[in-house]
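Here is the structure we will look at, set down as structure tokens.
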Amino acid sequence: MAAAQSLLSAAVRQLSRSAHGVVVSPVRGFQVFRIDGYSWSKTLAAGDRITSGYFAVGGRSWCVDYYPNGTDTAKDSDAISLYLRLAGTYEKQRVRAEYKFSLLDAAGNAAYELPATTSICTCAAVNHHRDSLAELDVGVGLAEFVTKQELERRQETLLRDDCLAIRCDVGVTELGVLAVAPKESHHNSNRHDDGDDSDWEGAESRERRRRQPLDDREYIRRSLSKNRGA
């Protein structure tokens, strides 16, 4: 009987336990995309785009596409098109993003904007047969953001010196690792037991208590505590 209890006790000591935490939080960022020579951009073919540089939000790379004559390659559009695109990586990506486009005046204020939109952005994995920003990827956006007639009517505000300034705001949800697992042994440097520290038996007893593993209840309590050292 004693031998069986000893084996059971040894098995219990070998059981593993762990605590893992994840923090979910919103992340926001923006890019200002400036196009000098708006009037010349209208000479591009229908469906042609001008692409911004990359900008990072939520650990991913994004870019803005400006279509001066719309996305339809068959004919010129009466409106400009603006799209947000997720840059390619070696893994397929899929993320929900909230985005908003604004046109800025010379002072940097939003002089024309539409409400924010939420969409699922996807991007296929990049391989050696495909550029990081694939030609067929359109992204998400607005095919008729503003008519060219309206844009040019407000030239003094939106096209000062033939410059078009686009601001793109992006918001995503980011997942991060949260360290919640407590140390597996008691340790309190401020704790002092009664007795003479020079007493070897007393010191040995205190050392055993210091190294004693936390029981399950205490382990869980510390895992859930906002103050991880509590």
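Glycine is no exception: its Cβ is also placed from the backbone N, Cα and C atoms.
Please treat TrEMBL annotations as automatic predictions, because they have not gone through curation.
Taken straight from TrEMBL:
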COMPBIAS  184-194  compositional bias 'Basic and acidic residues'
COMPBIAS  203-221  compositional bias 'Basic and acidic residues'
DOMAIN    28-170  domain 'MATH'
REGION    184-230  region 'Disordered'
Model confidence over the domain 'MATH' (28-170) (mean pLDDT, whole number): 91
DSSP residue counts for the domain 'MATH' (28-170), split into helix, strand and coil: 17 helix, 69 strand, 57 coil
